[in-house]
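What TrEMBL annotates here:
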- 199-218: compositional bias 'Low complexity' (COMPBIAS)
- 225-238: compositional bias 'Polar residues' (COMPBIAS)
- 290-301: compositional bias 'Polar residues' (COMPBIAS)
- 307-324: compositional bias 'Basic and acidic residues' (COMPBIAS)
- 194-345: region 'Disordered' (REGION)
- 395-428: repeat 'TPR' (REPEAT)
- 463-496: repeat 'TPR' (REPEAT)
- 497-530: repeat 'TPR' (REPEAT)
- 531-564: repeat 'TPR' (REPEAT)
- 565-598: repeat 'TPR' (REPEAT)
- 633-666: repeat 'TPR' (REPEAT)
Amino acid sequence: LGVALRRRRRRRRRRRMEVDDDATQEVVMDRIEAYADAFDYDGAVWWCERLFASAPTLPNLLRLVQVHLRAHRPARAYGILSTYQASPDDPVALDRKRRFALATACFQLGKLTEAEKCLSETIPSYYAAASSIDADQVPGGANGLYLLGRICLKQNRRTHALTYFARCVEVDRLHWSAYAQMCQMGAAHPNACRIDPVQPGQPREPIQQQQQPSLPSPAALGFRTPQSNPPRTSQFLSQMADEFEETPLSKPPPTRRSRASRLDCAITPGPPRPALVLPGSRTPRRSERLSFSSVADSTDQALGERVAGRGERLRRSTRQEKTQARAPGRPATARVAPGETPDRPLDMSEPFATATSLPQVVANATEGYRLLCAYQCQEAIDTFMRLPECHFNTSWVLAQVGRAYFELNKYQKSIDMFEAACRVDPCLTSGLEVYSTALWQLKREVQLSFLAQRAVECDRLSPSAWLAVGNCFSLQKEHDTALKFFQRAIQLDPSCAYAYTLSAHEYIANEDFDKAVAGFRNAIRIDEQHYNAWYGLGAIYYRQEKFDVAAYHFRRAIKINPRNSVLECYLGMVLHANKQYDEALHHLQRSCDLEPANLLPRFQKANVFFSMEDYDAAMEELQYLADVAPREASVHFLMGKISKKRGQLGGALMHFLTCLDLDPKDRNLVKSAIDKLHSSSPDLDDPSDDDEF
């Protein structure tokens with residue numbers, strides 16, 4: 001009897017100890033979560049180690065690893081997980097969590113092959129295609145598919161990456177990151193990213209992933225001329241109707257009265273329009289900046305730009321857009337006052353959308369982003385404008401609208417949008433590379449310097465911050481110093497294609513073309529949809545007079561961004577240099593149609609007509625330019641050459657003298673042309689003079 005009593009007391013004591021241990025573990029786990037929520041990761045790690053030492057179970061191990069990953073310590077997480085000996089008795093769900101955590105740590109450490117192995121080992125072999133993988137078989141589910149896509153993208157396996165992203169969106173229709181990656185890859189075509197709005201009671205069909213046997217071309221990925229059909233709701237939102245209630249988040253904002261002002265639509269500076277400059281008697285390798293003095297009052301934009309066909313960086317002239325469309329009494333460069341909403345287009349029936357339900361809001365936001373990634377910037381801005389005021393005035397939306405204006409070469413409006421975004425989020429770093437480049441284009445030295453200092457103070461580990469600093473020094477013509485900061489951005493993020501592009505432009509400024517070509521190729525290797533890198537290569541080859549190769553690269557850029565008038569213009573210039581006059585005229589006319597305010601295509605058309613000896617058509621184009629920009633010397637120089645060909649020596653002399661008054665720097669060339677007026681020398685008729693600016 002005494003032995004039985006002692007055994008009973010021992011059993012009771014053990015049960016009390018187990019209960020006490022369980023209660024203690026619950027208290028410790030609560031404190032770990034509290035410390036992690038308070039960002040006290042050292043305290044959370046310390047208690048996780050105590051908990052795992054007292055109870056070395058897989059859940060406690062995962063708790064320790066998760067704290068390390070949240071504290072951005074992937075090396076410690078990897079070390080802990082790599083030494084763990086998996087047991088067949090481990091629950092399947094916990095083992096998959098362990099694999100996903102290990103894959104995440106490997107990805108952050110650059111161990112891509114090992115990361116992919118961790119995720120793919122649990123996928124049965126009978127899944128021949130990634131598009132048919134059961135998400136339950138992948139560690140992390142939809143997040144695991146997204147991580148597999150990122151791994152493949154890092155390894156430049158774009159087809160597999162696109163398949164994983166599409167499968168991720170199919171499994172989790174609200175996975176924004178996967179959808180954004182598909183848009184950035186140019187895969188925002190109807191079969192992959194867009195479906196019709198889902199009506200209540202209608203079944204939803206899964207995405208039919210497009211089969212792509214090789215790396216998809218830009219055309220195959222959806223870069224096409226936009227149709228007139230209204231955009232359909234993104235597939236990203238196909239389940240939003242059921243996942244969210246249709247009750248508005250807040251009462252609709254009052255409809256604002258349309259203002260008199262209008263914000264017209266405006267990784268990597270977009271190719272600006274080059275200058276019309278007087279041909280000089282210099283070597284073909286050099287280039288100068290000469291700009292139009294003014295244009296019509298309706299636009300009054302600065303048109304002088306460096307000729308990108310000579311390999312120079314894509315920039316605008318020092319003149320700013322003097323009179324943008326704006327509210328009465330507000331100067332073009334005035335900032336939007338704090339709390340003031342940026343102006344909306346006047347052609348909208350209601351300045352702000354009245355539908356504020358979250359599904360509709362996210363539908364407009366995702367569709368606008370898709371259009372922006374497809375370089376349908378006007379449509380993207382119109383879509384963002386349909387957002388309610390409270391959503392439009394968030395930093396992300398304002399930054400996307402600023403980027404759209406930038407792609408349309410409306411730099412002042414882009415700056416206004418980014419300024420508004422920075423007022424909402426003072427330490428905003430995403431998109432600063434575009435913001436700083438817009439300031440660079442308009443030569444805003446003080447604003448650019450302030451932006452660079454603030455960006456570095458906010459986040460010294462952001463590549464965009466160092467790109468802003470590099471742009472600041474580039475504007476001061478300190479190209480070597482700018483290169484150091486661009487290289488710093490590359491060091492922080494080796495997958496930043498924009499940093500390679502900006503570095504290549506600085507190498508061009510230093511006339512180091514081999515390194516410039518390498519920089520542009522690295523940018524294309526990282527992101528083949530980065531049209532600025534294709535443009536940069538074309539500009540270098542054009543400068544080296546490799547016209548066929550240059551035309552190929554310009555065509556590749558146009559396939560990605562078919563609405564860029566500057567790309568069409570430079571392709572026309574290359575074809576003109578290659579004596580393909582009819583095709584050159586076609587692309588120059590398309591450039592004029594895309595952007596009528598751009599005067600360079602008209603001047604280049606006049607050059608083509610001069611080469612074709614169609615002097616009437618050439619003089620018609622030049623007369624228009626002379627009316628719009630009467631102080632442009634190169635226009636009068638070409639008009640003088642045409643007048644000489646027509647035998648109108650008096651008119652030729654008048655144009656040459658006007659040219660001499662407008663640009664005394666090229667007096668030797670102009671005087672030589674005047675001396676040859678009464679001679680039959682063919683030197684004056686050489687159209688190549690007009691290509692060497």
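Glycine is treated like the rest: Cβ placed from N, Cα and C.
Model confidence over the repeat 'TPR' (633-666) stands at 90, taken as the mean pLDDT rounded to a whole number. Broken down by DSSP into helix, strand and coil, the repeat 'TPR' (633-666) contains 30 helix, 0 strand, 4 coil. Shown for the repeat 'TPR' (565-598): DSSP residue counts in helix, strand and coil, namely 27 helix, 0 strand, 7 coil. For the repeat 'TPR' (463-496), the DSSP-based tally of helix, strand and coil residues reads 27 helix, 0 strand, 7 coil.
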